[in-house]
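Trainee: To start, I am sharing the structure in question, which I have written as structure tokens.
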Amino acid sequence: MCGIVAYVGPKDAAPILLEGLQRLEYRGYDSAGVVVSNRGLKLRKVKGRVADLAKVVPVRFKGNLGIGHTRWATHGVPSDENAHPHLSADQRIAVVHNGIIENAGELRAKLVADGVAFASETDTEVLAHLIARAADENDTLEEAVRKTLKLVVGTYGIAVIDAERPGEVVVARNGSPIVLGIGEKEMFAASDVAALVRYTRQVVHLEDGELAVLKADGFHTFASDARETAKEPLTVDWDAGHYDTGGYEHYLLKEISEQPETITRTMSGRLDERFHVAHLGGLNMDARETRSFRRVKIIGCGSAYYSGQIGAQLIEELARIPADAEPASEFRYRNPVVDPNTLYVAISQSGETYDTLAAVQELKRKGGRVIGIVNAVGSAIAREVDGGIYLHAGPEVSVASTKAFTSTSLAFALLALHLGRVRDLSPADGRRVVDGLRRLPGQIEEILAQGDKIAELAQKYAKHPGMMFVGRVRGYPVAREGAQKLKEISYVHAEAYPASELKHGPLALIGPDMPTVAIVPDDELLDKNLTTLGEIRARGGQVLMVGHREPAAKLADDVIVIPKNEIELDPILLTIPLQLLAYHAAVALGRDVDKPRNLAKSVTVE
Ligand code: F6R
């Protein structure tokens, strides 16, 4: 949430900062700004996108040191004034910041009482004024930043420059990620490796409480007590190509289309054909420990939570361990009972979602055993958990999650197989699941091939003001994810309900203006689901059915037929047509598909 880029080296900073911000724009996109240092600070910032910023940055905007930001508003509306970077009153210090300074009101009041004039409504500007004061009293920018951060309560990832020390950038992290990029006689920093991979693949992740000083010839990192820390650079697997649209019109369509490969990568090297088990070495658990859990509790936010519901179902069915999923954002606030016999599973594509991270930290504080299902390698959640499963789905750039959703569901199938095979899941059932998993990529290809038909259906259904999504048991989380995708990218109101609950209230909404997308797999609940379709149509509601065959009677207006897998794995496939439906609805309605209004990827605030 919000993007930060910083550069120091021999080149002009502005083009590097603008390019980096473009790559981070998915993290926040209501305003953007850059500042470079060249005999004083030169600042440009605007309400709008990075492209709007690029228009107001002059060609001769020279300076070998600079910082930039793309914003998702928390304190103050999106405006030119509230855009970052923020400068101190004497124009000496510039700061960009992700996160929330909780005691900003108090700090601001003290500064105002001392006669400091504020130029914005943001919490960040407080930092600029405080660092400027400290810079006057301290020998180094590093000391000035450290001293200021001691006064601050809240979360931050910051980058700071000082007009009077034009060769260095100071960055610090507490709850909001900062990654350093190591170049040839140049250094970079950013809130995400996406902004760095064009220039370097050697990176260093800062830990919470750490601060770093970057100069063209290298960097030093320090713990909160100013002790120098030794950090080993990591090599990032992903290169700049992974962040391009690859010829697709939108990142979202690219990411939907990549799913045969991404789920193949998630299972690669993890399936054992001999014993019909899944190898998940990253869990760091032996068979005895794996057998010892009495419950599984899954936490995540948004789509990650819905994939957790699919996961809970898989674990109950295949491993026969009671399992349930809960939004991490709720879990962390209700003082949960942490049980030593429960395996906790935290899910996060970005590995940065603050609510999920805070829930993991609460669990660990209470002695819970937590594993992660995470896409971003080396991210905060990945580093916090006791072990886990990386998705290897590659970077997900579009704000709406698609390939990470299916890869997470697949990772749960692997986990369920793993837990099941140390318990009572028979080798024959293990083989059935392994074979089913192997069939998934080809079956996803078959669904993708129906893109044109689904685009036509999307045009037809997107005309309505709202849509209902229903499913039973395995189909219910699929319905929830389908409704989530539709509402977030097309802004069409969408509600998801268990099909069984329809008659307990929401049936009142059904009529010609409220079509229903019904998830109807060929499972033991088929007849029940078909009865629900009849009830909807009897009330004048249109039905778009997603399932494995056309119903015998005319119970649906339209049907998307998809290939059948094992009943436990079908939810993964049933999700794909709903992603395409949402995508094409958003395109038909002329929405900003990859950057839907009001949202941002990686929600690093509470
Ligand atoms: C929906 C979506 C969000 C995320 C949620 C958690 O398409 O992308 O609901 O799933 O914000 O994000 P991660 O997985 O990064 O923790």
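The backbone N, Cα and C atoms fix where each Cβ goes, glycine too.
All TrEMBL annotations are machine predictions without curation.
Annotated active site, nucleophile per TrEMBL: Cys2, in sequence order. Here TrEMBL flags 2-217 as domain 'Glutamine amidotransferase type-2'. The domain 'SIS' annotation in TrEMBL covers 285-425, 457-596. The active site, for Fru-6P isomerization activity annotation in TrEMBL covers Lys601.
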Trainee: According to DSSP, how is the domain 'SIS' (285-425) divided among helix, strand and coil residues?
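Mentor: Tallied per class, the domain 'SIS' (285-425) gives 63 helix, 28 strand, 50 coil.
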Trainee: For Cys2 (active site, nucleophile), which residues of its chain lie six or more apart in sequence with Cβ-Cβ distance below 8 Å?
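Mentor: The list for Cys2 (active site, nucleophile) reads Arg27, Gly28, His69, Thr70, Arg71, Trp72, His84, His97, Asn98, Ser176, Ser191, Ala600, Thr604, given in order along the sequence.
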Trainee: Just counting, how many other CB atoms are there within 10 A of the CB of the residue listed as 'active site, for Fru-6P isomerization activity'?
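Mentor: Counting Cβ neighbours of the residue listed as 'active site, for Fru-6P isomerization activity' within 10 Å gives 27.
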Trainee: Is it possible to list how many residues within the domain 'SIS' (457-596) are helical, extended or coil according to DSSP?
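Mentor: Each residue of the domain 'SIS' (457-596) counted once, the result is 63 helix, 28 strand, 49 coil.
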